[in-house]
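Visitor: Below you will find the structure I want to go over with you.
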Amino acid sequence: MNIILFGPPGAGKGTQAKKMVDNYGIPQISTGDILRANVREGTELGLAAKEYMDKGELVPDEVLIGIIKNRLKEQDCEKGFILDGYPRTIPQADALAVILDEINKPIDVVLNLEVPDEELIERISGRLMCNCGASYHRTFNPPKKDDVCDICGGKVFQRADDKEEAVKNRLNVYKKQTEPLIDYYTKQGLLVTLDGTKDIDEVFEEIKAVLKKFA
């Protein structure tokens with residue numbers, strides 16, 4: 001089954017994608033990851049992408065779609081895939097439709113995790129990190145001692161892009177990019193919207209119910 005996974009920052013997309021990978025044995029394909037892998041491996045498309053990345057510019061769609069096409073042709077995608085973080089625009093969605101047609105792997109379903117902005121802001125702006133790799137949340141999982149890591153005793157901190165203003169900006173960008181795509185895939189009868197405010201396992205049970213018809 002071939003899946004596109006949508007959801008704003010903080011909606012739990014990564015968590016649900018991991019559960020789908022474990023449950024169905026199909027790979028999660030994150031554009032950021034495969035882009036970095038191609039650059040690291042020095043592939044022709046990776047080198048083309050690196051030229052733009054080194055200048056701090058966005059990688060053009062035609063380079064990105066070539067990298068995605070090559071990844072989807074790999075053996076582990078035979079039974080399906082989860083596309084995470086792509087497409088982000090209507091032109092990208094159109095380009096994706098063309099390559100999926102070429103390799104005969106049409107999208108079965110587009111899962112859209114929906115969470116109200118206020119909850120997303122609380123989820124993300126409450127995150128705390130430590131340099132040792134430990135992570136906390138002011139409300140849901142605070143360190144035992146204020147601002148001190150339970151594991152190494154180091155000072156915990158908030159990442160710059162997790163601050164409330166930055167989160168609001170990220171959500172605005174996401175909405176501008178993704179709302180047209182919600183409409184695009186709704187018209188094709190592919191979109192299923194799920195309530196991302198529910199418990200992680202509850203959300204996954206709903207995903208499994210949706211995917212049952214494609215498994």
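Positions of Cβ are set from backbone N, Cα and C atoms, glycine also.
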Visitor: Given Swiss-Prot annotates G10, A11, G12, K13, G14, T15, R127, S135, Y136 as ATP-binding, which of K69, K73, K187, K198 belongs to that site as well?
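Guide: Swiss-Prot names K198 for this ATP site.
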Visitor: By CA distance, which of the binding-site residues (T31, E57, C130, C152, R159) lies nearest to G10 (ATP binding site)?
Guide: R159
Visitor: Once C130, C132, C149, C152 are set aside, which residues in the chain still have Cβ within 8 Å of the Cβ centroid of the Zn(2+) site?
Guide: N131, G133, A134, D150, I151, G153, G154, V156
Visitor: For the region 'LID' (126-162), DSSP counts of helix, strand and coil?
Guide: 3 helix, 11 strand, 23 coil
Visitor: Limited to the region 'NMP' (30-59), I'd like the whole-number average of pLDDT.
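Guide: Its mean pLDDT is 92.
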Visitor: A 10 Å Cβ contact count, applied to the binding-site residues R88, R127, R159: which residue has the minimum?
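Guide: Checked R88, R127, R159; of these binding-site residues, fewest Cβ neighbours within 10 Å: R159.
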Visitor: Please list, in sequence order, the residues in the chain of C130 (Zn(2+) binding site) that are at least six apart in sequence and whose C-beta is under 8 Å away from its C-beta.
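Guide: Listed in sequence order, they are Y136, C149, I151, C152, G154, K155, V156, F157.
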